[in-house]
Amino acid sequence: MVAQQQGKFTVGDYLAERLAQVGVRHHFVVPGDYNLILLDKLQAHPELKEVGCANELNCSLAAEGYARANGISACVVTYSVGALSAFNGTGSAYAENLPLVLISGSPNTNDPSQYHILHHTLGHPDYTYQYEMAKKITCCAVAIPRAIDAPRLIDRALRAAILARKPCYIEIPTNLAGATCVRPGPISAITDPVTSDKNALEAAAKCAAEYLDGKLKPVILVGPKAGRAGSEKELIEFAEAMGCAVALQPAAKGMFPEDHKQFVGIFWGQVSSDAADAMVHWADAMICVGAVFNDYSTVGWTAVPNIPLMTVDMDHVTFPGAHFSRVRMCEFLSHLATQVTFNDSTMIEYKRLKPDPPHVHTAEREEPLSRKEISRQVQEMLTDKTSLFVDTGDSWFNGIQLKLPPGAKFEIEMQWGHIGWSIPAAFGYALRHPDRHTIVLVGDGSFQVTAQEVSQMVRFKVPITIMLINNRGYTIEVEIHDGSYNKIKNWDYAMLVEAFNSTDGHAKGLLANTAGELADAIKVAESHKEGPTLIECTIDQDDCSKELITWGHYVAAANARPPRNMSVQE
Ligand code: DPX
Ligand code: MG
């Protein structure tokens, strides 16, 4: 703030100060003439570090990943040509419940009233369209009309994003970023959490305790919103008070410790791990904590639990026959932990059902590389310091099957499912967590979407290990519905990432065709700290997990349901 205190304080300074106060330390940017003054202001803030991205899609996805690590992030782009690309990562943040602040420069405030046609726009003088579009993919969108409105609108958007765990949108005209502005008031006005309504909390916990008392076989099902609500600690507290089985949805992997004695695996219908499905289907009560039932998590609607559900969401609790608003998940779980009766019947049953650990075959060094051997070697890489990103494709299934050691983190983007997400998202995440070893499992098709962002890993010397599984195409799509469109042009991936080095970079690109080559490459990656290492793992085109095949069949069937309510003429 020193530099800013000496000169005039501007709208850009206000935004910078607020971003720093809510905990942003890196902001992701692509410059354009509508946002340059704003970028100068953000750059001038001593607590913000500017991180340039190769394009706005990657910029928004890097911010999405940063929000996973940091709780909140900022992505700054130019009008339309930039923002419309950044809408994609903003959509991801919405779907994945992450507070991402999308900030866009916009036309000079004098232009709309003069009916001026401007560059980077649709070519007609109504410049409200981007703001209108942003409203649909954020929990709060504001367009600043005058400098005097900036504090109120910026504060409103930030508070909404923090409370809802959703993205917000702030549009700042190019001639307002440098306009004089008042200084911000106390940050607690924005960051103070909303607590539960005391009466609703009491009533919900009482209702839950009574409901559970009447049940013989309760199971807890954890979904991705449990982690987003920051309730991991309270979840353990509650689970231990209950003593019952805890299954996780695939997108919640890592949100409850896998070495905990009550962990019974990933519930994913037919492709569940560790007999989690047997437990879920045996239960007579299901406490769904932050669960999301979509077509993917229910395996094409074949695995929707068929008993009434008790739903604990981020800010409300619903039972068969009762609903309680303004009950925060964390508070509810820790309060309920003091009210419930211990019932470990599902754990007694699980001990009888728990499958023995599978025998894992170790390939000979010269054996051609297989999917199973990659998984075996990746499993050995995992430590308490690992953060594992798995991209859409067979990497989801391979990642879900791995056993996470205590402390290891797992990131998946299962609601939005944007191929290529993992490369920029892991980059954003790793900037915030330099102490962790970020590993990415990504397919060849996914990598081709966002490959440029590896060059930022080179530029910022981020030592991410990218395991690129090259099966020469879109295999998940092959399993859902095959066609020539699922073939892609092969690249020399190892050589490509070294091209990003130019004269000053330190990326390593390695190729593994055999089990031994992969083991050697992993050793190199683990000791390489000056930049990213990409290991291209080549496998046969048909070598995919049986879980992917099974899941693909059911999802294909769900996609192919004929239209209902057709008129008789049709
Ligand atoms: C598509 C998917 O190579 O993984 O293991 O070979 O399937 P697998 P790849 O990365 O291919 C991914 C491909 C094309 N999905 O199989 S999952 C549709 C799709 C999407 N996101 C975007 N476009 C298309 N999920 C941005
Ligand atoms: Mg592929």
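Cβ from N, Cα, C; glycine included.
TrEMBL does not curate its annotations; it predicts them automatically.
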Which one, D435, D444, D504, is listed by TrEMBL in the same Mg(2+) site as N471, G473?
D444
Segment-level pLDDT (mean, integer) for the domain 'Thiamine pyrophosphate enzyme N-terminal TPP-binding' (10-115):
98
Quick check on the domain 'Thiamine pyrophosphate enzyme TPP-binding' (412-537): DSSP residue counts for helix, strand, coil, in that order please.
56 helix, 25 strand, 45 coil
Just to be sure I understand the packing, how many Cβ atoms besides its own are within 10 Å of the Cβ of N471 (Mg(2+) binding site)?
22
Same-chain residues at least 6 apart in sequence whose Cβ lies under 8 Å from G473 (Mg(2+) binding site):
D444, G445, N486, K487, I488, Q541
Counting by DSSP, what is the helix, strand and coil composition of the domain 'Thiamine pyrophosphate enzyme central' (207-323)?
33 helix, 30 strand, 54 coil
List, in sequence order, the residues of the same chain other than D444, N471, G473 whose Cβ lies within 8 Å of the centroid of the Cβ atoms of the recorded Mg(2+) site.
G443, G445, I469, N470, R472, Y474, T475, I488, Q541
